[in-house]
């Protein structure tokens, strides 16, 4: 680390310190010191004087290597989420970098992960591998099956923090909370009246 370098050199003569730092002059066109030892020093200095974005990625690499040696998890410096190996971290970081390398051959839509592409392609193929054990209805995503099974169990996992009322689906909770906030996003273009949800708005439009 940079702190370690200072402690090693602080007791040496000033001239020797100047020789240690001299390879940094490569940035101003100097080509002094081409032996392998000086090349290593120059690379070290070059790393320390990189632009901020390159320095950030270099620091990330050092951090990941240190974590790996210590047997701990790999943490994303953007959001703090941690992963058990570096490949998961690299894949996750595509979210922050905006990279979407997986392309649907049918419609051209792009995705961050291969699993997301696999799920998406079921729209085109019609595949529905997730079946309800109670009624046999099939779904193309496991999350859709989980939501559906609430119908059979009667579970209402979504609770309103204002009044404590419970709902089967998150969308129902979001609609309900507009009662407390007073939000009415659906406005009638004919009379200007506003409504909490789309169903009330559609029913109202039949008047006109």
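Glycine residues also receive a Cβ, built from the backbone N, Cα and C atoms like all the rest.
Listed features, source TrEMBL:
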- 28-37: compositional bias 'Polar residues' (COMPBIAS)
- 47-56: compositional bias 'Basic and acidic residues' (COMPBIAS)
- 74-101: domain 'C2H2-type' (DOMAIN)
- 102-129: domain 'C2H2-type' (DOMAIN)
- 130-157: domain 'C2H2-type' (DOMAIN)
- 158-185: domain 'C2H2-type' (DOMAIN)
- 186-208: domain 'C2H2-type' (DOMAIN)
- 1-56: region 'Disordered' (REGION)
How many helix, strand and coil residues does the domain 'C2H2-type' (186-208) contain under DSSP? 8 helix, 4 strand, 11 coil
Count up the helix, strand and coil residues in the domain 'C2H2-type' (158-185) according to DSSP, in that order. 12 helix, 4 strand, 12 coil
Mean pLDDT across the domain 'C2H2-type' (130-157) comes out at 93
So how many of the residues in the domain 'C2H2-type' (130-157) end up helix, strand or coil by DSSP? 12 helix, 4 strand, 12 coil
When the domain 'C2H2-type' (102-129) is classified with DSSP, how many of its residues are helical, how many are strand and how many are coil? 12 helix, 4 strand, 12 coil
